[in-house]
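Copied over from TrEMBL:
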DOMAIN    155-264  domain 'Acyl-CoA oxidase/dehydrogenase middle'
BINDING   Thr159, Gly198  FAD binding site
DOMAIN    302-466  domain 'Acyl-CoA oxidase C-alpha1'
ACT_SITE  Glu451  active site, proton acceptor
DOMAIN    511-610  domain 'Acyl-CoA oxidase C-terminal'
Amino acid sequence: MAPPVEGGDAALLPEFPRGPLDAYRARASFSWKELALFTEGEDMLRFKKTIFSALENDPLFARSAGADLSLEKYRELNFLRCKRIFEYDFLSVEDMFKSPLKVPALIQCLGMYDSSLAVKYLLHSLVFGSAVYSSGSERHLTYIQKIFSMEIFGCFALTELSHGSNTKAIRTTAHYDPATKEFIIHSPDFEAAKFWVGNMGKTATHAVVFAKLHVPGDQCHGLHPFIVQIRDPKTLLPMPGVMVGDMGKKLGQNGLDNGFAMFHKVRVPRQSLLNRMGDVTPEGTYVSPFKDVRQRFGVSLGGLSSGRVSILSLAVVNLKLAVAIALRFSATRRQFGPTEEEEIAVLEYPMQQCRLLPYLAAAYALDHFSKSLFLDLVEFQRGLASGDRSARQAELGREIHALASASKPLASWTAQQGIQECREACGGHGYLAMNRLGVLRDDNDPNCTYEGDNNVLLQQTSNYLLGLLAHRVQDGACFRSPLKSVDFLDAYPSILDQKFEVSSVADCLDSAVALAAYKWLVCYLLRETYRKLNQEKRSGSSDFEARNNCQVSHGRPLALAFLELTVVQRFHEHVHQPCVPPSLRAVLGRLSALYALWSLSRHAALLYRAERRRSCPGRRDRAS
């Protein structure tokens with residue numbers, strides 16, 4: 001076990017070595033140590049310091065300058081490093097329950113070292129482990145200990161070759177045989193092969209496999225998760241009936257072994273079904289504590305959100321690293337000046353500030369949001385574990401699903417764009433491999449795709465919002481949600497009557513101003529999307545066609561604007577707490593306002609078009 005970092009603030013937050021950044025640090029209007037203590041807390045800083053110190057002093061984590069590892073060697077080394085992380089026991093199961101924010105903190109620390117290591121660790125412990133914990137019952141608790149002792153190594157097998165985002169079309173089957181009290185897991189053809197599964201390529205011994213559950217009489221009860229052993233833990237040879245292999249080299253994250261698997265009538269015990277949502281009796285009768293299919297679906301959606309919330313955290317890490325590299329370079333790189341004898345740091349140029357500082361603000365805002373959403377997910381999973389069958393619990397699952405479905409696209413795209421801007425802002429030096437910007441860009445890229453394509457996921461969020469408005473129109477229901485992310489919509493008619501009025505630019509430095517504009521924008525987009533959807537249906541389009549025809553110019557911006565508003569709202573509340581140290585209020589307030597205004601500025605065309613329509617109510621845009 002890694003020894004914790006002892007000592008006071010000097011050991012926890014030592015002074016930086018003397019260097020070219022001293023001049024900028026001396027000009028700071030706030031204490032960086034005070035900011036670190038406020039944003040992280042002393043306990044979390046010590047936890048992170050313990051992790052970094054252990055990795056720094058362990059030869060297994062040493063990097064060889066300029067060495068290019070072979071694919072096999074990189075994956076072998078990544079697995080050994082992952083195993084060492086568990087040996088250090090940075091985070092016990094008890095710690096996870098006591099201090100849940102240490103989970104994303106550990107993932108972020110590993111991500112700062114190597115994305116492949118972070119993803120490998122989280123797929124095993126958080127995604128696979130969370131699926132067993134939240135979808136299983138007491139009979140599956142023995143797996144939890146084996147997960148953290150690495151007696152078994154896990155993966156999450158949902159996606160198939162033919163179907164990824166369309167989970168309802170998954171074709172792997174699980175037929176129950178009451179004679180032997182076993183499920184028969186089967187892939188009907190190659191297109192039903194589980195595909196792109198992280199950890200499956202070389203190292204996973206067990207998988208949470210999603211398959212359509214059939215009971216005698218061929219009655220299908222939809223997708224359910226099963227624990228299936230795919231390899232012998234001692235030899236790593238495939239189990240009988242399992243064809244498993246590696247996907248090969250990828251564009252990035254090559255330390256992670258993505259793989260595929262097919263199952264030929266593989267028999268697993270009845271107890272292999274993760275039975276939180278539904279179970280099968282020994283005789284073959286399907287039973288479920290959820291009589292309402294919609295409620296059961298809401299619970300299952302929340303259970304699938306852990307991977308997306310984890311990706312949000314990983315994208316933030318990539319953005320943090322890129323921004324730190326680019327800003328430090330910009331503070332030391334000197335080009336041109338007021339005289340030929342005097343050159344100034346490129347960070348002094350407004351153009352460089354305009355390119356980089358919004359991404360600095362985004363890193364802070366998204367980091368806070370990722371932590372708060374993770375705590376929401378923990379609340380939901382604890383409700384599952386305690387057997388909460390309430391309507392609030394099911395609604396919480398739907399709300400978290402909507403937030404996670406939009407937060408992954410927002411964070412991964414922001415990181416993608418931010419890393420590229422940082423690369424270009426560093427000029428020619430930004431193209432050197434040693435600065436990590438290229439690796440960060442390639443390793444961040446899959447965040448835009450796995451656990452759901454970003455554009456497809458945004459439709460989940462817009463559908464959630466449209467469903468709430470339809471419920472309001474048809475039944476007069478109020479806009480209410482457990483996390484209160486949609487409560488402001490209850491006043492949407494009056495919000496749409498408001499006008500954006502400020503007397504000076506200085507007024508906009510309060511993020512509350514941008515918040516008000518964002519609420520108006522989301523209300524407007526929700527109304528227009530709802531109108532467009534109904535217009536399409538009245539024109540004869542099916543529901544499928546109507547939603548597709550709404551997505552490009554209506555549903556997609558609605559989902560993004562809603563999530564941006566949620567991030568701005570939570571960060572605004574965070575930085576305006578009474579407990580914020582007086583010396584930090586100004587800088588945190590500026591970060592909050594900068595992120596809010598920068599994000600809002602991306603919707604300038606929409607805001608202009610909306611105002612034109614309001615000014616000329618008889619005029620309708622041809623596109624509508």
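Note: Cβ is positioned from N, Cα and C throughout, glycine not excepted.
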Ask   = Near the Cβ of Glu451 (active site, proton acceptor), how many other Cβ atoms are there if near means within 10 Å?
value = 27
Request  = Looking only at C-alpha atoms, tell me how far Gly198 (FAD binding site) is from Glu451 (active site, proton acceptor), rounded to the nearest Å.
outcome  = 11
Ask   = Got a sec? Which of these binding-site residues, Thr159, Gly198, has the most Cβ atoms within 10 Å?
value = Gly198
Remark   = Students should find that the Cα atoms of Glu451 (active site, proton acceptor) and Thr159 (FAD binding site) sit apart, in Å rounded to an integer, by 9
Request  = For the domain 'Acyl-CoA oxidase/dehydrogenase middle' (155-264), provide the mean pLDDT of the predicted model.
outcome  = 94
